[in-house]
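Beneath this line is the structure, given in structure tokens, with notes to follow.
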Amino acid sequence: MAEVDTFLFTSESVNEGHPDKLCDQISDAILDACLEQDPDSKVACETCSKTNMVMIFGEITTKANVDYEKIVRDTCRAIGFVSDDVGLDADNCKVLVNIEQQSPDIAQGVHGHFTKRPEEIGAGDQGHMFGYATDETPELMPLSHVLATKLGARLTEVRKNGTCPWLRPDGKTQVTVEYRNDGGAMVPIRVHTVLISTQHDETVTNDEIAADLKEHVIKPVVPEQYLDEKTIFHLNPSGRFVIGGPHGDAGLTGRKIIIDTYGGWGAHGGGAFSGKDPTKVDRSGAYIVRQAAKSVVANGLARRCIVQVSYAIGVPEPLSVFVDTYGTGKIPDKEILKIVKENFDFRPGMITINLDLKRGGNRFIKTAAYGHFGRDDPDFTWEVVKPLKWDKPAA
């Protein structure tokens, strides 16, 4: 039998104690708090952090009465930043707040001062967004991304439940998968490399770190069928990672947009998600095209699919919609495009209603760590597959 042609593809993730992800979570915690009291809140909240300091800044127009400083401290504390030696002390760090109202120019262009009906609300900005889906995992997400993300989530789990008490909040993961291309569809064959770098306390040895990570993090996450004697493990390869969180590196909202989406697969229009209300198409547009791409694959129209949508500020209708199934479509892409346009409303006001995106609570903070897509949680409304009617070609 001829040797199968394979290739390697790598995705990375960071867990909730990474300084950039800390900032994403604070931005979304503030969005949640605003939406909970005032579903029409307009929020563009950025966060940055460095040693002993968190700053939030941006534009928020809301009727909600929100204690920004309390939300910042509560979010840091929940992640595990409770003392200087782990990288940040939630109760004693400096919290700076510089929040203004949304520009009236933007407000009148997008919302017409709230006189517009939902279908008339214009996009909050220009831009283009991509949604992607692939049949290689039950989540219809890329395996390299799913494994990197789940390793990061598991790292946090064993820290918080006390299984590995030496763990500290900051950590990064990376997974290389060997794939073969099956007529445009991606088929994972094995895991080639697993890399974990996690913050740890002073007491633990590198051998203990490696043993614990293999037993309590990798084993429960990576399915046995993908591991073999040739799989490479890099476990804390730098040798020492005691200083971490905002003390180790500065953090900023919107710096982890590939981790938030598809791990380098598909494509990305460049817009970040966290801290943005649903009139910002960077977020709502990306959510609706994920639902479209996922529905195409789940309905058997294709094994792999990418959907692009684009917008102009103040204009409700998208400027373009694009579909590519990488040659895996059961019917031509132009017919799939027609089905997508008939079944999905890409106008921002309608996306907000159809995906129920004005609901706050603890909804968006959940998206701000471990990925916005492929999650099994009723709050992730864009993961709900829409049934699509299509005529299967005669055999």
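Backbone N, Cα and C define each Cβ position, glycine as well.
Per Swiss-Prot, Mg(2+) binding site is recorded for GLU12. Summarising the annotation, Swiss-Prot assigns ATP binding site to HIS18, ASP170, GLY171, LYS172, SER238, GLY239, ARG240, PHE241, ASP249, ARG255, LYS256, ALA272, LYS276, LYS280 and lists similarity to another entry as the type of evidence. Residues annotated as K(+) binding site in Swiss-Prot: GLU46. Per Swiss-Prot, L-methionine binding site is recorded for GLU59, GLN102, ASP249, LYS280, and the stated evidence type is similarity to another entry.
Long-range C-beta contacts of LYS256 (ATP binding site), restricted to its own chain and to partners at least six residues apart, with a cutoff below 8 Å, comprise VAL14, HIS18, ASP20, LYS21, ASP24.
When the Cα of SER238 (ATP binding site) is compared against those of the binding-site residues GLU12, GLU59, GLN102, LYS280, the shortest separation belongs to GLU12. Taking every pair among GLU59, GLN102, ASP249, LYS280, the residues listed as contacting L-methionine, the largest Cα to Cα separation comes to 30 Å. According to DSSP, SER238 (ATP binding site) is assigned to coil rather than to any helix or strand. The separation of ASP249 (ATP binding site) from LYS280 (L-methionine binding site), Cα to Cα, is 28 Å. The Cβ neighbour count for GLN102 (L-methionine binding site), using a 10 Å radius and every protein chain shown, is 21. Take the binding-site residues GLU12, ASP249, LYS276: by the count of other Cβ atoms within 10 Å of each Cβ, the lowest one is ASP249. The Cα of ARG240 (ATP binding site) lies closest to that of GLU12, out of the binding-site residues GLU12, GLU46, GLU59, GLN102. A sphere of 10 angstroms centred on the C-beta of GLU59 (L-methionine binding site) encloses 16 other C-beta atoms. Within the same chain, residues at least 6 positions away in sequence whose Cβ sits under 8 Å from that of the residue listed as 'K(+) binding site' are CYS23, SER27, ILE56, PHE57, GLY58, LEU252, THR253, GLY254, GLY275. All protein chains shown were included, and the count of other CB atoms within 10 Å of the CB of SER238 (ATP binding site) stands at 7. Of the residues the record lists as binding ATP, namely HIS18, ASP170, GLY171, LYS172, SER238, GLY239, ARG240, PHE241, ASP249, ARG255, LYS256, ALA272, LYS276, LYS280, the two whose Cα atoms sit farthest apart are 42 Å from each other.
Of all the binding-site residues listed here (HIS18, ARG240, LYS280), the one with the fewest other CB atoms within 10 A of its own CB is ARG240.
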